[in-house]
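Student: Per Swiss-Prot, the features are:
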BINDING   R98, R117, S182, S211  L-glutamate binding site
DISULFID  C191-C205  disulfide bond
DISULFID  C252-C263  disulfide bond
CARBOHYD  N246  N-linked glycosylation site
SIGNAL    1-20  signal peptide
TOPO_DOM  21-275  topological domain 'Extracellular'
TOPO_DOM  299-303  topological domain 'Cytoplasmic'
TOPO_DOM  326-332  topological domain 'Extracellular'
TOPO_DOM  354-432  topological domain 'Cytoplasmic'
TOPO_DOM  455-461  topological domain 'Extracellular'
TRANSMEM  276-298  transmembrane segment
TRANSMEM  304-325  transmembrane segment
TRANSMEM  333-353  transmembrane segment
TRANSMEM  433-454  transmembrane segment
Amino acid sequence: MATWIVGKLIIASLILGIQAQQARTKSQDIFEDDNDNGTTTLESLARLTSPIHIPIEQPQTSDSKILAHLFTSGYDFRVRPPTDNGGPVVVSVNMLLRTISKIDVVNMEYSAQLTLRESWIDKRLSYGVKGDGQPDFVILTVGHQIWMPDTFFPNEKQAYKHTIDKPNVLIRIHNDGTVLYSVRISLVLSCPMYLQYYPMDVQQCSIDLASYAYTTKDIEYLWKEHSPLQLKVGLSSSLPSFQLTNTSTTYCTSVTNTGIYSCLRTTIQLKREFSFYLLQLYIPSCMLVIVSWVSFWFDRTAIPARVTLGVTTLLTMTAQSAGINSQLPPVSYIKAIDVWIGACMTFIFCALLEFALVNHIANKQGVERKARTEREKAEIPLLQNLHNDVPTKVFNQEEKVRTVPLNRRQMNSFLNLLETKTEWNDISKRVDLISRALFPVLFFVFNILYWSRFGQQNVLF
């Protein structure tokens, strides 16, 4: 029995010795291969730790290995990607418009926040065929550098990229070499505004995008075929003083002395909200004009009341006009708001002039009436002398005089008619009576002409 056990141990030791010898032989072969190549790889270390297993080379499917392969194969990010036909690199663009804020009429600019997405093909970055066990795309970090279009915004005044919590940038490389670049940026853009119809105007603001250095021989920008411009949900109703009514995408290729440059343009149509100006400007100014007409019902002798009312309404209208103009830039043309304010001030000023005319006529009539009274007083003695020379028999024929009884209602009607006729014959009172009807009619006609001319830009009715 003991002899059998000893034999088994001897056989086992021989087998272990043979395996150890084989492992040493394989290790020497591995080191010799590594020394020939001049490198020591992770696969060699794995063979040393597991000498009894034959290593099998695994496909490079991890992102790190793919990136290491891409950026150690002579890739030069300073050179634009080559194309099959030698033409320009086609850059497909679409944008997500997130916010529009701070529409400044004085400086003619507005602020916008958007996500810009650009896509192009760089075959130097392709790393395999889809479906061979490799990922569909890899994401680059900030440290990696690849060729990118030199995109800029021609009508931009200020701009910055968002970096909280990390830079809001996405660079995705697909296995066929398609590159997707996405970035979130905020822009302050110039927007030339035409204020002829202010505050019922509709403005057209744009976002231009072009290449700064590459001409159309090198880069061609194209809008994405489907959904080139996307709007964030609720954007149209989030503007405080405007309403986003329409958007469109066009091309704006420019020709300069350095070449022809591809350009894309997004046009944003903004309609000003009229309700604010209706409550803050048009209704108060109408009330001021109507208040100025109250002086037509004052007695012509109420000079302090009529002057105070006219001057107060005129000064109030002037202050309102100054407040509106302080929110607008100085322009060389007449705006709709200028026509309205000018007409209202004209009506108020004419009401004040009407009182001056009435007062002048009344004073002139007073002087004439006083002179006529003095002449009548001077003629009374002469009439009395003539009366004494008339025969008394003329006044004794009382039987020929007939009396007509009048009731109170007929007497009042007669007196009112006499008083109205007297007022109409009084020129100063006649001017007040005409003004009471003429001013409202003229203001109503002006409103019809005004709203038919300027109201068509903004649906009011």
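Along the chain as shown, the residues are counted starting at 1.
Using the three backbone atoms N, Cα and C, a Cβ is placed for every residue, glycine included.
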Student: What is the average pLDDT across the topological domain 'Extracellular' (455-461)?
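Tutor: In the predicted model, the topological domain 'Extracellular' (455-461) has a mean pLDDT of 56.
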Student: Rounded to the nearest angstrom, how far is the Cα of S211 (L-glutamate binding site) from the Cα of C252 (disulfide bond)?
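Tutor: So the alpha carbons of C252 (disulfide bond) and S211 (L-glutamate binding site) sit roughly 12 Å from each other.
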Student: Hey, does the transmembrane segment (276-298) touch the transmembrane segment (433-454), meaning at least 3 C-beta pairs closer than 8 angstroms, sequence gap 6 or more?
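Tutor: Answer yes, regions in contact.
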Student: Taking the recorded positions one at a time (S182, S211, N246), which has its Cβ surrounded by the most other Cβ atoms within 10 Å?
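Tutor: Going through S182, S211, N246 one by one, the largest Cβ count within 10 Å is at S211.
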Student: Please indicate, using numbers and ranges, the residues of the same chain that are 6 or more beyond the transmembrane segment (304-325) and have a C-beta under 8 Å from a C-beta there.
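Tutor: That would be 281, 284-285, 288-289, 291-292, 294-295, 298, 337, 341, 344-345, 348-349, 351-352, 355.
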Student: Check each residue in the chain of R98 (L-glutamate binding site) that is at least six apart in sequence and keep those whose C-beta is under 8 Å from its C-beta; list them in sequence order.
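Tutor: Correct list: A112, Q113, L114, T115, R184, K232, L235.
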Student: Could you check which of the binding-site residues (R117, S182, S211) sits closest to C191 (disulfide bond), going Cα to Cα?
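Tutor: With Cα distances computed to C191 (disulfide bond), the winner among R117, S182, S211 is S211.
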Student: Between C263 (disulfide bond) and S211 (L-glutamate binding site), what is the CA-CA distance rounded to a whole number of Å?
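Tutor: Cα to Cα, C263 (disulfide bond) and S211 (L-glutamate binding site) are separated by 7 Å.
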Student: Looking only at C-alpha atoms, tell me how far the residue listed as 'N-linked glycosylation site' is from S211 (L-glutamate binding site), rounded to the nearest Å.
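Tutor: Rounded to the nearest whole number, the Cα-Cα distance is 26 Å.
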Student: Which one, from the disulfide-bonded residues C191, C205, C252, has the smallest tally of other C-beta atoms lying within 10 Å of its C-beta?
Tutor: C252
Student: Hey, what's the widest CA-to-CA gap across R98, R117, S182, S211, the L-glutamate contacts in the record, in Å?
Tutor: 23
Student: Whole-number answer please: how many Å between the C-alpha atoms of S182 (L-glutamate binding site) and C205 (disulfide bond)?
Tutor: 23
Student: Have a look around R117 (L-glutamate binding site) and count the other CB atoms within 10 A of its CB, chains all included.
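Tutor: Around the Cβ of R117 (L-glutamate binding site), 17 other Cβ atoms lie within 10 Å.
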Student: What's the CA to CA span in angstrom from C205 (disulfide bond) over to S211 (L-glutamate binding site)?
Tutor: 20
